[in-house]
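Copied over from TrEMBL, here are the features:
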- A:26-50: transmembrane segment (TRANSMEM)
- A:62-82: transmembrane segment (TRANSMEM)
- A:102-122: transmembrane segment (TRANSMEM)
- A:150-170: transmembrane segment (TRANSMEM)
- A:182-203: transmembrane segment (TRANSMEM)
- A:215-235: transmembrane segment (TRANSMEM)
- A:255-272: transmembrane segment (TRANSMEM)
- A:284-303: transmembrane segment (TRANSMEM)
Ligand code: SF4
Ligand code: SF4
């Protein structure tokens, strides 16, 4: 048998045998970014479609979570930095070639945007509220007046944010598992689906719930299609990508991925939602939680496995 | 000016002197390294061959690490050197992921570090310390834009390869084979 053995004299226990420099922070950040993008996307979409009354959770209630989600996400990104005191260097340049850079900038844009959106609905939450700060009242009135423009900005920036969470990884040609352009759309759809699941979970209206249940079903379908596409692409690609795909087709990540992400995070919630739509009584929290956990595990697995996949030379 | 390093795999004996010289010269913390030696054995017995390679950052002409750096800390310098500006690096790790040769590591002091071709020595007209210390003189350093230079001549007269050219990074460390 033709064999090849590599012996490395690299005395570097901190980076060998793999370069696992990204721990839990980056996958969590990617998950929360996608989730926030999903919620904001639907809020803006249904606000533009004039469904504010019929879909109160999507347009208003769920968005109150977004600033918190984004803060935690940014916190995770911050923790990932090895030189935390220098984080401001991110905001001294815009580097179009670097996804990390425009990710940092899009978050800088979307966080205040989501806060302003929440402010404009604050009186829903506490009807007789009076603002202590004149500025906040001004923001409230401003957003209410220009809601359409705000919604459009939010739709566009949430799609960019959702796609970015995938492109951050797919831009690395050194990691064959990540280096596929389907990762951007796949992470976007997965983010939208976690957003829809959250809205469905929070909603008290029957109509809204069943709408988001249907949306979720559609998104799960697209996700499964993208995942098949992803592996078809790998198998038709070069040796490095075939090797990377093997991690999921018999390798160490086979069970966590097909069992934890595809079955528990996509197929089972889809079945539960179909049953619910057919009139069976199923607690809505169940599929929602499964989808959210599935989305989180998905990011952990992709980030982890990608760091193992390499070129051989 | 276009710096390049050439390493003769036929002369290398795998002693790792280059590794120790670099750790000393560049005060690389214990447990880390900027260069390392790979022993690559392949074939079917009894037709086996062995190749010894001293590896490090390839100072790629099309470097993904410079492209993905969000702050501009990773940058090109004179002669095509790829350098890290420690005062700009936030340690996000993007460049570590982007390098197909795993040449970068995260320094415990909070920045990313890698081979600099001993830029500080080049400025004094010296060779990188790994090149100067090699007991078999299997490493060469010089300017590829000068067609008379030793490195240009070697690439003209000997068979050579670069590592993982399929990734498209255009590495500037050449291996004579
Ligand atoms: S070898 Fe790696 S670190 Fe060095 S220039 Fe190329 S991509 Fe960058
Ligand atoms: S770790 Fe430092 S050098 Fe590397 S990409 Fe991040 S900021 Fe740039």
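Cβ coordinates come from backbone N, Cα and C, glycine included.
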Checklist entry - Based on Cβ pairs under 8 Å, which of the stretches A:102-122, A:150-170, A:182-203, A:215-235, A:255-272 lies most in contact with the transmembrane segment (A:284-303)? => result A:255-272
Checklist entry - Of the listed stretches (A:26-50, A:102-122, A:150-170, A:215-235), which one yields the highest count of Cβ-Cβ distances below 8 Å with the transmembrane segment (A:182-203)? => result A:26-50
Checklist entry - Taking 3+ C-beta pairs under 8 angstroms (sequence gap of 6 or more) as contact, is the transmembrane segment (A:102-122) in contact with the transmembrane segment (A:26-50)? => result yes
Checklist entry - Near the transmembrane segment (A:26-50), which residues from the same chain, at least 6 beyond its ends, have a CB less than 8 A from one of its CBs? => result 58-60, 62-63, 65-66, 69-70, 72-74, 76-77, 80, 103, 107, 110, 114, 117, 147-148, 150-152, 154-155, 157-159, 161-162, 164-165, 168-169, 187-188, 190-196, 198-199, 212, 215, 292, 295-296, 299-300, 302-304
